[in-house]
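Report on one structure; see the data block that follows.
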Ligand code: PHE
């Protein structure tokens, strides 16, 4: 059905997939999360392991997950059911689809709170409030936001409402158009910040922190965090890319388009790192300051550049758009499943999933203030949800996708879907052996520190 529509306009269909998939991949993960994780995990060595995970595990898996989606052409749970039937395998495989739907829920619950932070910063930038802000004031301003459950509550609610309104209408053409200017816009803003970083005193130190690996600073847990971040940032292991793959016309090359998306995703994360660490070192800040890193560094840069309040506004608007397009991908598997299998309208499905996510998100809102003392194993609510999803559920989902695509789906099927020629056997080797073994090894080596 989708094919028919796309057949008339083949170029735009490939572009549509690339836009949707990069909309899902590029988000808070690249700009908010990657820099603070790199900062907390020692810099260069973490970045090196991250890049290795993207290339050796992420790209083959992205190809696999997209392929499963295109073959199954439904929501992740039904896709897994159809494909197991086709391969005459055990229907138990469809639980992988469930795992994905659940991961999306949990991630979106806190994602929305952080997106709320970036909405607050749109206004702070625009008001000129950040002009020539010092490092101390930037920290204080962010601290005030973190300690206010009320403000975070309001913006979390607004963000979830916007997301669910868009999702209930179906992933629309308007959104596609937004992505079309959002991505180049985000790149330009990051390049502007990189230009500023180059002229700052901390540039040399920032670059060597980010790109000079010191493997003695890398723990087993850091390796797991790098792997989890690769899954998170590429949007793998939870059925999001499977859904987008299901709208992909059969003539589009999956390996080529997914590799392009993975490349752009990684580029954006690295450009964000290059913008942020010079500011950290030029202002004697700590790279290990955690989730507040971008909010305490970027305002300093915008505050000093000419036209900074305008560029700052633009940056946070683009970040908000990038967050919206990722949020939609996070919740789409659940909404698609509810409306296709549970006989709900799309509106009802969006409402139910949205309200559940919103409720869970309150736990994250309170993690930074009233519940900050409530920790389990040294982690607050937000950190537990984040750790569980990025470092456990997504990699587990990924292993299942790899095993399923590599061992269960028939070779004729994957060969025909991928049309990779001689490169097929490398993909098959990666997906059959490298991805599952690497993920299992990393997880095992981290267990004693987890
Ligand atoms: N990749 C998104 C980001 O980096 C988050 C996401 C994760 C989206 C999983 C979809 C699926 O912000």
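Placed from the backbone N, Cα and C atoms, the Cβ positions cover glycine too.
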According to TrEMBL, which stretch among 260-281, 282-303 corresponds to the feature transmembrane segment?
260-281
With pairs restricted to those 6 or more apart in sequence, evaluate whether the transmembrane segment (223-248) and the transmembrane segment (430-447) have 3+ C-beta pairs under 8 Å.
yes
Kindly say whether the transmembrane segment (430-447) and the transmembrane segment (310-331) touch, using the definition of 3 or more Cβ pairs under 8 Å where each pair is 6 or more positions apart.
no
Among 12-32, 95-120, 153-171, which stretch has the most Cβ pairs under 8 Å to the transmembrane segment (310-331)?
12-32
Check the transmembrane segment (12-32) against each of 44-64, 153-171, 183-203, 351-372, 392-410 and return whichever range has the most CB pairs under 8 Å.
183-203
What same-chain residues lie close to the transmembrane segment (260-281): Cβ under 8 Å, and 6 or more beyond its ends?
18, 21-22, 25-26, 29-31, 34-35, 38-39, 43, 47, 51, 54, 58-59, 62, 183, 186-187, 190-191, 193-194, 196-198, 200-203, 205-207, 209-210, 233-234, 287, 293-294, 297-298, 300-301
Folded-back contacts onto the transmembrane segment (351-372), same chain, C-beta under 8 angstroms, at least six residues removed:
105-106, 108-110, 112-113, 146-149, 152-153, 156-157, 160-161, 163-164, 167-168, 331, 334-335, 338, 344, 380-383, 385
Between the transmembrane segment (392-410) and the stretches 44-64, 95-120, 153-171, 183-203, work out which stretch tops the count of Cβ pairs under 8 Å.
95-120
Beyond the flanks of the transmembrane segment (183-203) by at least 6 residues, Cβ under 8 Å:
19, 22-23, 26, 31, 264, 267-268, 271-272, 274-283, 298, 301, 304-305, 311, 314-315, 318-319, 322
